[in-house]
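These notes concern the structure reproduced below.
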Amino acid sequence: NLDSLQSHYGVVIVLITFVSRIIFIGFSWSYGTIIVQFKKQNSTLSDTEMSWIGSIGQSFGGLLAPLILFTARRFGFQISFVVSLFICVLSLFISSIVQNLHWLLLTYSLPYGFGNAAIFILGTLICGLYFPAGQHPKHILVMCIISMGFPLGYHVMSASIFSALKENSWQSMKRHIAVIELFVTCILGPFFTTKFLPSTSLAYPYPSAALVPDPNRKIYYSKPVIYWMLGIFSSMCAVNNFLLHLHSHLEYLLISAARADRWFRLHGLFDALFRLLIPALLRFYPIDIIYLFPASVFTGLIVLTLTFALLYTSLNVLAILPIILFSFTPAVVTALQYTVSNRIFEEDRTEQGYIYHVIVTSLGTIVGPVVGGLFLDMTGSYKAIIPTSIFFLFVSFVSFIVTIVLLNRKKSNQLEEDQTASIHQHDNVAYGSSN
């Protein structure tokens, strides 16, 4: 029966989104392992150049988020999703036959980055339709579940890549992953649809609001939005600068490749675990989710400082503990972006707010590793990587705190205005009655 299918099909959508993120997005976030192998064959390449390959492959498409949203509206979620999956598959096949850095940028980073971002954005938006923010009681749980996809993905995919590279070249490994992704595309594509949305939901709830900002609404250019986006940008710079260089950083410190891979995968596993624990945390301690952002960034600042202190001592084996704890920062900052958009932006602008988050997140993902690579090239030492991330986290923490102060002040002023208006209305009614 149709009513039963509509009420349960959202679970299918969540599963499809989760699996696609594990395989497709997980691969891009595990690309640092391939970069290490590529650099061994091209030793003259700088770390800055190599950083561009990984960071653009992770998030280039996020800069085109409005275009991705437009294609979903013009051609539908299903067609857009399937085309994005095929773009990733073709990118892996074609980039497996190139040896030049610039061709790798054109055949992997740009197309896979676009497909990768489209898969991510479309999955979040369609889950937001089946489980609307501020309306469905399972919304936060769903957002946290699907966000577990890519940390679990780089846990699963990095292990697969590392294992495959022991016996095959990175080119052969890419072709093997492409075959797997092609098979997954044929399975998931036909079921990714909005045809079974509940009758209370619309495929495009606010069709005129998401792409063209209304210049008369200051929400788009208000100080809270600007400071908040600066916080998102800085935190993503910090996270991706640290993670993209982590594997090479550990090998530079003479930590074995096997141990470095194990540490990297443990970080991904705990990142996924923290995402799963967020709904439980909010259930037992019902606080405004906006406060989780500065809390997670401050936690990251502390544990990265501890990581830096431990890595350059004889006790560097203990650095795994703060590295694991650092996963709490990206867990919060990335998992709750769609949901917090309902808090930062007006209620009917959640979709627009999420697109803003995606664009700024993509910028941070690209810029962070490149800045770290520049400092690495200038200093010739990986010691510059973690302090760079710590600086970004400090900027992010201050930005989030300023945003919260401004929003609370705005809320307080609004309450005072409402109370004043209510008093005046009451006085006018009383005066009219007396006459």
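The backbone N, Cα and C atoms fix where each Cβ goes, and this holds for glycine too.
Feature list (source: TrEMBL):
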type     : residues : note
TRANSMEM : 12-32    : transmembrane segment
TRANSMEM : 52-72    : transmembrane segment
TRANSMEM : 79-98    : transmembrane segment
TRANSMEM : 110-133  : transmembrane segment
TRANSMEM : 140-165  : transmembrane segment
TRANSMEM : 177-197  : transmembrane segment
TRANSMEM : 225-243  : transmembrane segment
TRANSMEM : 263-282  : transmembrane segment
TRANSMEM : 289-312  : transmembrane segment
TRANSMEM : 318-341  : transmembrane segment
TRANSMEM : 353-376  : transmembrane segment
TRANSMEM : 382-407  : transmembrane segment
| Range from 110-133, 177-197, 225-243, 263-282, 382-407 with the greatest count of C-beta pairs under 8 A to the transmembrane segment (79-98) | 110-133
| query | Quick one: do the transmembrane segment (318-341) and the transmembrane segment (12-32) have at least 3 Cβ pairs under 8 Å, skipping pairs fewer than 6 apart in sequence? | reply | no
| message | Check the transmembrane segment (353-376) against the transmembrane segment (289-312) for contact, please; criterion is three or more CB pairs under 8 Å, pairs 6 or more apart in sequence. | response | no
| request: Kindly say whether the transmembrane segment (110-133) and the transmembrane segment (225-243) touch, using the definition of 3 or more Cβ pairs under 8 Å where each pair is 6 or more positions apart. | output: no
| request: Report yes or no: does the transmembrane segment (12-32) come within contact of the transmembrane segment (289-312), defined as 3 or more CB pairs under 8 Å with a sequence separation of 6 or more? | output: no
| task | Return yes if the transmembrane segment (289-312) and the transmembrane segment (177-197) have at least 3 CB pairs under 8 Å (sequence gap of 6 or more), otherwise no. | result | no
| Stretch-level contact, the transmembrane segment (382-407) and the transmembrane segment (225-243), CB cutoff 8 A, at least 3 pairs | yes
| request: Mind checking which residues of the chain, 6+ beyond the ends of the transmembrane segment (263-282), have their Cβ under 8 Å from one of its Cβ atoms? | output: 32, 140-141, 144-145, 147-148, 151-155, 158-159, 243, 246-247, 250, 255, 289, 292, 320, 323-328, 330-332, 335-336
